[in-house]
Every structure is written in C-alpha cells, then in structure tokens.
Amino acid sequence: MERSPPQSPGPGKAGDAPNRRSGHVRGARVLSPPGRRARLSSPGPSRSSEAREELRRHLVGLIERSRVVIFSKSYCPHSTRVKELFSSLGVECNVLELDQVDDGARVQEVLSEITNQKTVPNIFVNKVHVGGCDQTFQAYQSGLLQKLLQEDLAYDYDLIIIGGGSGGLSCAKEAAILGKKVMVLDFVVPSPQGTSWGLGGTCVNVGCIPKKLMHQAALLGQALCDSRKFGWEYNQQVRHNWETMTKAIQNHISSLNWGYRLSLREKAVAYVNSYGEFVEHHKIKATNKKGQETYYTAAQFVIATGERPRYLGIQGDKEYCITSDDLFSLPYCPGKTLVVGASYVALECAGFLAGFGLDVTVMVRSILLRGFDQEMAEKVGSYMEQHGVKFLRKFIPVMVQQLEKGSPGKLKVLAKSTEGTETIEGVYNTVLLAIGRDSCTRKIGLEKIGVKINEKSGKIPVNDVEQTNVPYVYAVGDILEDKPELTPVAIQSGKLLAQRLFGASLEKCDYINVPTTVFTPLEYGCCGLSEEKAIEVYKKENLEIYHTLFWPLEWTVAGRENNTCYAKIICNKFDHDRVIGFHILGPNAGEVTQGFAAAMKCGLTKQLLDDTIGIHPTCGEVFTTLEITKSSGLDITQKGCUG
C-alpha cells in the first residue's frame with residue numbers, strides 16, 4: 001500500500017510526530033544523535049574568519065555529497081513535518097539537529113549567509129536549496145520535489161545560462177573556472193528592420209560600446225573646431241563620413257564578439273546559438289535559426305536575457321522607424337532625424353547625431369531623463385538646445401507615414417499634444433524610437449516552471465542572492481526588478497552569483513551607490529541619490545547641498561561658454577555631512593565620477609573632500625573647494641577657470 005504524505009502544515013500548527021522530543025523519524029539519518037554533542041568546525045576563536053570559512057566549506061561539502069540534507073532542530077514541529085514528508089516518500093535524509101551540536105548557532109549563521117534563510121528547517125535536495133517547511137510542501141505539491149528526488153538523477157549541465165550578454169557571460173566564465181559544466185544559450189531575435197548581432201549582448205553590440213565610440217566621434221568634431229584657437233591650421237573642408245565610422249566601429253565589435261567566443265571555448269563553456277525556452281522543471285528547449293530543436297537539462301539555471309527597445313504601437317512604427325538596435329550598424333547616414341523619447345539613450349543618440357552636423361529634433365512626452373536628478377537633466381537639455389538640438393516638448397507621435405523610399409527615405413510624422421488637442425506634423429529622413437526597453441522574459445517558458453514576473457514590466461523579482469521564487473532558477477542583469485540597468489552591475493552580480501552557487505564565496509552584489517554617466521555632448525556623471533530622492537528619504541531640512549558652476553581650462557582659449565558646467569554634492573547634515581549624492585555636468589564626467597564613487601563606498605564626507613588637495617587644473621578638483629550651499633542663495637557664477 002502506498003504511504004500518504006502528511007498534509008502541508010497550517011500556520012502555527014505543529015501536528016503529531018513520532019518522538020517529538022528529538023524530531024527523529026524513520027529514514028532520517030541523524031548526523032548528531034542525541035546524547036553526543038558534535039563539533040563541525042575546528043576549535044579555536046569562535047568568530048575567527050578561518051574557522052568560519054572552514055565551517056562554510058564543511059557545509060557546502062555536506063550539501064554537495066548528500067541527496068537530501070535537512071538542517072533542523074529536534075524540538076521544531078515544522079522540522080518534524082518536513083522529516084515526516086521525506087519519510088513518507090521513502091527518502092533517506094541527512095539530518096543535522098542544530099540544537100544538538102556545539103556550534104549549532106554558528107552553523108545557522110553561516111547557512112543564512114549561504115541561503116538568505118535564517119530559520120529551520122532548511123532543506124537541500126540534490127544540491128538545490130529548496131527552502132523551509134512551506135517551500136518544501138509547495139515544491140511537493142507542484143511536482144518539483146519529486147523531480148529533484150528522481151533516482152540516479154543526472155543532468156546534462158551543472159548550470160545553463162539563458163542569455164549571452166554581460167551578466168550571463170560573467171556568470172558562465174566564473175562557474176567554469178570553479179570546475180562546473182556550463183552552457184550558454186544565446187539567440188538574437190532580429191529587430192523589425194532585420195538587424196541582428198553576435199555574442200555579447202546589448203552593451204557590446206548595440207549599446208555602451210558603439211554609443212561611446214560615436215560620442216567620441218562627435219567630440220573629435222568639436223575638438224577640430226577648438227583646435228584653430230590653439231594654432232592648428234588646415235585648409236581642407238572638414239566633414240563627417242558616416243560609412244567610414246560605422247565600418248570601423250562594426251569591425252571593432254566583431255573582434256569583441258570573436259573574443260567572447262574564444263574565451264568561452266578556452267574555459268570549456270558550451271556555447272549554443274539557439275533560443276532557450278523552459279519546457280518543464282530543469283529542462284529547456286533550444287531552437288536554432290533553422291527551427292531545429294534540442295533539449296538540455298541542468299541542476300541550476302540563470303536567466304540573463306536582457307531587454308529590447310519598446311515600440312509605440314502606432315501606425316508605421318515597426319515598418320518605418322528604427323531603434324538603437326539598428327542605428328549603430330545603419331549602412332547610410334540617417335540625415336534629418338526625429339528622436340522620440342527623453343531617456344538617456346534618446347539624448348545620447350541625439351547628441352552625437354547633432355555633433356556630426358545632422359538636423360536633429362527630440363520629441364519629449366514629459367520630462368528629460370526620468371529617474372535622474374531633474375536639475376541636472378534640465379541642464380543637459382539646455383546645453384544640447386544651445387548646440388543645435390531642437391526639442392518638441394509635450395508631444396507624442398500618433399502616426400508615421402512613408403513619403404519616399406531610400407537610404408534614407410522620407411517619413412511624415414503626425415504628433416499630438418499631451419496637454420490639449422493641438423497636432424503637428426513634420427518630415428524627416430529617419431525616426432529613431434528611444435522610449436524605453438522591455439524585459440525579454442515573456443516568451444521563455446517561465447510560466448511552465450512557475451517563475452514569477454512583474455506582469456506589468458516583465459521584470460523578475462529576486463531576493464538578495466538573485467534567486468527567483470523557484471529555488472534552482474536565478475536571474476541577473478537588466479531584467480531584475482528594482483535594480484540598476486547597467487553593464488558593470490550585471491557583470492559583478494553574475495560573477496558573485498556563480499561564486500555563491502558553487503561555494504567559492506558568500507559575497508553579495510552591492511546595488512547601493514552605483515555610479516553612472518549619461519554620455520550626452522556635455523557628459524553628466526552621478527552617484528548616489530538625486531536631489532529629489534534625497535529630499536524624499538531624508539527631508540530637506542536634514543540636507544546641505546553644495547554646488548558651483550565651473551569653467552574647464554581647455555574651454556577658455558577655445559572661447560567656449562563659461563558658467564555651463566556644474567557640480568553638486570548632497571550631504572546628510574546629521575551623519576557627519578556624509579555625501580549621499582554626487583553630480584557633475586562637464587567634460588569627461590564619467591572619468592571624474594568613477595573615483596568619487598569609490599570614495600562614497602568608503603563613507604565620503606564633506607570634511608574629507610575639504611581635506612583633499614585637488615589636482616590642478618582639472619574639472620574634478622572643483623569638489624575639493626565647494627563652499628556655497630543652495631540654502632545660502634549666494635551667486636555661484638565664476639569669473640575664471642580657477643574660481
């Protein structure tokens with residue numbers, strides 16, 4: 001006769017259990033039997049890092065060697081119910097009763113670092129962390145537990161990563177270094193205009209790398225203009241050649257694609273250029289461009305599918321508009337361009353296109369750079385406007401119509417006001433959409449294994465170890481809910497995830513005070529809180545904001561405008577004037593911000609800035625001489641480059 005498993009425990013219900021005092025049930029191999037106190041770590045200072053590391057290695061080894069491990073307490077009714085469940089299934093378990101070992105409290109501390117779970121029971125099945133009592137019964141009811149318990153269970157891979165972008169590749173390479181069998185699935189669905197690319201994800205192919213190179217190309221044009229004031233003489237007409245630039249950039253990107261493939265090969269990571277989709281627990285279907293399907297299994301999975309540009313959902317958008325997916329490899333100069341959107345992608349692209357001498361208009365629905373400091377955002381927009389970029393504020397497109405075919409052709413755009421009934425129309429050669437990005441999570445079979453996503457955004461909620469609600473599935477990169485959408489963040493979180501999964505480290509990714517830079521013609525770098533967010537969190541009366549305008553030395557001889565570049569720090573007055581927000585608008589803002597971000601990690605204060613001797617003459621030194629507060633209302637305009 002089949003044995004019926006016990007029912008899932010209700011809230012606060014312990015239920016009857018054999019040998020309630022010890023929690024011992026048939027089929028449970030108790031590693032520390034009652035009456036014999038065991039020690040898992042070597043004697044010595046109870047909190048020494050060496051002893052703690054030895055204990056962690058011991059626990060990881062126990063988990064990896066065991067089919068089922070239950071970290072329990074003999075008197076805990078929920079632990080007893082879990083042991084009853086496995087007993088009813090005829091499964092022998094390794095049980096460690098933490099109240100019956102000398103260092104049980106330390107074991108529980110280290111377990112909480114490994115699993116982000118502070119309570120018992122704490123259950124692992126075939127190296128997969130299932131969770132506590134409720135999660136174990138949920139896994140049983142969904143069929144996941146039975147899948148994990150299959151006899152002689154052998155997966156094709158220790159880890160399969162879906163997505164070959166920055167986060168996925170970082171995780172894959174680190175897992176391989178740790179001796180694990182790893183596969184990366186990566187497939188680029190062509191854009192509506194037919195654009196696709198190689199291994200490396202958005203950043204390398206259609207994001208950070210080509211964007212920064214085109215930004216640099218535009219800066220070189222400005223440098224040519226400035227050079228005459230510095231004595232350079234040339235007679236040839238200066239003009240920009242789009243085809244020459246894009247060919248050089250695409251050649252560089254191709255070399256990076258090849259480098260990634262070579263790196264995976266050297267680390268024995270299997271790379272499959274196929275579209276990955278879950279079909280059942282621990283099993284995935286890989287479909288290549290020919291439609292051929294192959295199935296793979298793995299003990300654990302990482303979702304790193306990234307995002308793709310959003311479309312407007314209006315007549316003509318997918319037929320005639322392009323996005324950042326298409327721009328960087330466009331085989332012809334885009335000509336007169338309408339950029340739709342006010343994201344950092346929109347403003348960066350508008351900035352370098354204008355820098356090439358093109359006629360550029362930005363259509364803005366509401367505010368610039370949503371999520372960034374709005375004072376800084378408006379200064380970014382103001383500088384762009386002064387340098388030839390036109391802005392259409394409070395309008396949205398409602399139709400795009402092709403007037404002429406060509407490379408480029410001609411498009412008519414009809415737009416309406418967001419504040420009334422006014423409509424406008426304009427003719428452009430190219431319409432570039434940069435209105436946001438959507439997570440690539442809705443068509444990879446997550447619903448088949450029960451992974452939860454935010455239905456509105458498509459983002460995946462995870463805990464602080466990047467674990468989804470399904471124990472063996474993790475996620476990294478831009479698809480994470482409420483995390484920065486930045487390449488270095490994905491790289492760091494992917495690497496640390498692999499180290500935690502395979503016992504090399506307990507370190508978690510720190511998502512606080514992550515620096516970033518908007519590469520508009522005048523760069524905007526920041527770290528920490530915007531002024532609006534700081535006021536919301538700390539209240540205005542608890543803050544002191546120091547700011548100033550400045551004039552870079554290299555702009556003076558060239559005759560470029562003074563009192564345009566701007567620096568600002570936001571300090572918490574009641575925490576030793578700790579810097580909680582750093583903002584700079586100026587040349588090389590990204591390079592300036594990086595070092596200050598490290599200082600903020602170390603608890604940078606206003607006094608530490610004052611005590612720092614600046615490097616003269618540089619833009620960064622302005623932060624060592626900040627004196628004027630916003631609350632004072634004093635004038636911050638500068639008469640010369642040295643203040």
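Here the Cβ of each residue, glycine as well, is placed from N, Cα and C on the backbone.
These come from Swiss-Prot:
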type	residues	note
ACT_SITE	His616	active site, proton acceptor
BINDING	158-187	FAD binding site
DISULFID	Cys203-Cys208	disulfide bond
DOMAIN	56-156	domain 'Glutaredoxin'
MOD_RES	Arg26	omega-N-methylarginine
MOD_RES	Arg26	asymmetric dimethylarginine
MOD_RES	Ser41	phosphoserine
MOD_RES	Ser42	phosphoserine
MOD_RES	Lys379	N6-succinyllysine
REGION	1-53	region 'Disordered'
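Sequence-distant contacts of Asp186 (FAD binding site), defined by Cβ-Cβ distance under 8 angstroms and a gap of at least six in the same chain, are Gly163, Gly164, Gly165, Gly168, Leu199, Gly201, Tyr271, Val272, Asn273. Its own atom aside, the Cβ of Ile162 (FAD binding site) has 27 Cβ atoms within 10 angstroms in the protein chains shown. Leu178 (FAD binding site) and Lys379 (N6-succinyllysine) are 47 Å apart (CA-CA, integer value). Under a cutoff of 8 A between CB atoms, and with a sequence separation of 6+ in the same chain, the neighbours of Cys208 (disulfide bond) are Thr202, Thr487.
Take the recorded positions Leu178, Val182, Cys203: by the count of other Cβ atoms within 10 Å of each Cβ, the lowest one is Leu178. By the criterion of other Cβ atoms within 10 Å of the residue's own Cβ, the least surrounded of the recorded positions Lys379, His616 is His616. Remark: secondary structure over the domain 'Glutaredoxin' (56-156) totals 52 helix, 19 strand, 30 coil, with classes taken from DSSP. Taking the binding-site residues Ser166, Ser170 in turn, the residue surrounded by the fewest other Cβ atoms inside 10 Å of its Cβ turns out to be Ser170. Fewest other C-beta atoms within 10 angstroms, among the binding-site residues Asp158, Glu174, are seen around Asp158. For the domain 'Glutaredoxin' (56-156), the mean pLDDT of the prediction comes to 89. Here Cys203 (disulfide bond) is positioned 26 angstrom away from Leu178 (FAD binding site), judged by their C-alpha atoms. Of all the binding-site residues in the list Asp158, Ser170, Val182, the shortest Cα-Cα distance to Cys203 (disulfide bond) is found for Ser170. Following the DSSP three-state reduction, the secondary structure of Val182 (FAD binding site) is strand. DSSP classifies Asp158 (FAD binding site) as strand under the three-state reduction. Ser166 (FAD binding site) sits 37 Å from the residue listed as 'active site, proton acceptor', counting Cα to Cα. Annotated pair Asp158 (FAD binding site) and His616 (active site, proton acceptor), C-alpha to C-alpha distance, rounded: 53 Å.
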